[in-house]
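Q: Just passing along the structure, written as C-alpha cells.
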Amino acid sequence: MTDKRKDGSGKLLYCSFCGKSQHEVRKLIAGPSVYICDECVDLCNDIIREEIKEVAPHRERSALPTPHEIRHHLDDYVIGQEQAKKVLAVAVYNHYKRLRNGDTSNGVELGKSNILLIGPTGSGKTLLAETLARLLDVPFTMADATTLTEAGYVGEDVENIIQKLLQKCDYDVQKAQRGIVYIDEIDKISRKSDNPSITRDVSGEGVQQALLKLIEGTVAAVPPQGGRKHPQQEFLQVDTSKILFICGGAFAGLDKVISHRVETGSGIGFGATVKAKSDKASEGELLAQVEPEDLIKFGLIPEFIGRLPVVATLNELSEEALIQILKEPKNALTKQYQALFSLEGAELEFRDEALDAIAKKAMARKTGARGLRSIVEAALLDTMYDLPSMDDVEKVVIDESVIEGQSKPLLIYGKPEAQQASGE
C-alpha cells in the first residue's frame, strides 16, 4: 500500500470508510481501488485491542494449573515450607476455579478463600505470594498494613490498595479483578488492648474494620488514574470479591499464646504434668497448632479472622535451608551474582565453606533468607567496584575467610604469569 493524496487524474480522494477528504486527515493510505485514513486505522486498532482484552481472560482460565503443578512451580523458587506450599496451591486453585465457574457450581455458591500466612521474618511469605502471581500471570501488588489508617485520618486509606493494583495493570478493571493482593505486617494492626479506650485505635482495630468489606468482597469506587476523589468525578467500580487477598505477618509472641492454651488443662499442683525443656514444642510446632481463638487473643477481631479461612504457617529457616536457598532456586542468590560477574567476563565461584559461613551469619542476625543478600553484597562490594577497571581477571573465588572479613577474594588472571591473590 502507498500513501496518496491524489490519484493520477488529480481528483480529490476520500476515505472509503469515514468519507473524509484528503484535506481533513493527516494520511490517506491507498489499496486496490480503496482508501483508508489514519483516523480509521487508529479506530480499527482500538477495536482489535478491546477484542483481545475480552478474549484473554477466557484463554487464561482454560490454562489453570493444577495444585500439583502450582506446588511444583513453587518448589523451583521457594525452599522448604512444604505444608504451606500445599495449602497455598489448593487455596489458589480453588479461588481461580471459583472465578472460572462464575462463583457458583450446580447452584451452590462458592465461598472466597483468602489466605493468612504466619511465619517469622525472612521465611518466604512475600516470595510465595509473588511467585504465585507470576505463575498465574495476574496483577500483583503489596501493601504494608502499618501505613494504613481508617478513612479520614492521616495515613493510607485501605482503598489505596485497590488503586495500586489498578496501576499495575494500566487501570484495566477486568484484569485487576483477577489479581492478587498481599498485605504484609498484618499482625501490626492487632488490637492494642483488650480493654475499651476513650482514644480511638485508628491504626489497629480501626484498620481491621476498614479491611473487612474489602477482603470479603465489595464494589470499591476508585478514582481513575490516581486522582483525588471529588463529587463530580466518575469512579472505576472494582469488585473485590474476585481478588485474592493474602495477609502475612510474623506474629511475634503468638507461640506463647498457643503454648498457654495447649498446656492449660494439663493439671495443677501435684496433678500437673512436668515437662523437661527437651519435651517442649518448638516455635514452628506451636504455630502449626494455631486456632482462631489464639489469633483473637493476639488482637485480631473475630470478624477479620473469619474473612481469612485458609491459614498456613511457615517455619523458621534452618542453616541447611539457608544454604539451599543460596544455591538451588532458579533465581538463587549465588546464580544472580555469577550472572553479574559473567557480564564482566569473569567466573564467580563460591566454595562450600563460604556458603556455610553466609548461612551462619544470617542465623546469628535472625533475619532469615532476607539477610543473605546483604551479607553477600558486603563480601563482594570491593571486587564489584574494582572488576570493571581490571583486565584479564578470569575467575573470582570466595571462601570462608572472605565472608568473615579476614581476607579479600582470590582473583585468578588469564595469563599464568599474572596470577595473584588480591589478599596477598
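Placed from the backbone N, Cα and C atoms, the Cβ positions cover glycine too.
What Swiss-Prot records for Cys15, Cys18, Cys37, Cys40 is Zn(2+) binding site. Residues annotated as ATP binding site in Swiss-Prot: Pro120, Thr121, Gly122, Ser123, Gly124, Lys125, Thr126, Leu127. Taken from Swiss-Prot, the feature domain 'ClpX-type ZB' applies to 2-56, supported by sequence analysis.
Buried or exposed, and what's around them? Tell me for each listed feature.
A: Under 8 Å, Cβ to Cβ, and six or more positions away along its own chain, Cys37 (Zn(2+) binding site) finds Cys15, Phe17, Cys18, Lys20, Val25, Arg26, Lys27, Leu28, Ile29.
Sequence-distant neighbours of Thr121 (ATP binding site) (same chain, 6+ apart, CB under 8 A from its CB) are Ala250, Lys366, Thr367, Gly368, Arg370.
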Q: In the structure shown, which of the binding-site residues Cys15, Cys18, Cys40, Leu127 has the fewest other Cβ atoms within 10 Å?
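A: Checked Cys15, Cys18, Cys40, Leu127; of these binding-site residues, fewest Cβ neighbours within 10 Å: Cys18.
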Q: Just going by other Cβ atoms within 10 Å, which of the binding-site residues Gly122, Gly124 has the emptiest spot?
A: Gly122
Q: In this predicted model, what is the average pLDDT of the domain 'ClpX-type ZB' (2-56)?
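A: Value for the domain 'ClpX-type ZB' (2-56), mean pLDDT as a whole number: 80.
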Q: Identify all same-chain residues not among Cys15, Cys18, Cys37, Cys40 whose C-beta atom falls within 8 angstroms of the centroid of the Zn(2+) site's C-beta atoms; report them in sequence order.
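A: The answer, listed by sequence position, is Ser16, Phe17, Gly19, Lys20, Val25, Leu28, Tyr35, Ile36, Asp38, Glu39, Val41.
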Q: Cβ within 8 Å of the ATP site's Cβ centroid: which residues qualify beyond Pro120, Thr121, Gly122, Ser123, Gly124, Lys125, Thr126, Leu127?
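A: Residues close to the ATP site, other than Pro120, Thr121, Gly122, Ser123, Gly124, Lys125, Thr126, Leu127: Gly119, Gly248, Leu314, Gly368, Ala369, Arg370.
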Q: Between Ser123 (ATP binding site) and Cys40 (Zn(2+) binding site), how far is it from one CA atom to the other, in Å?
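A: Cα-Cα distance, Ser123 (ATP binding site) to Cys40 (Zn(2+) binding site): 54 Å.
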Q: Which secondary structure state does DSSP assign to Cys37 (Zn(2+) binding site), in the simple three-class scheme?
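A: Strand, per DSSP.
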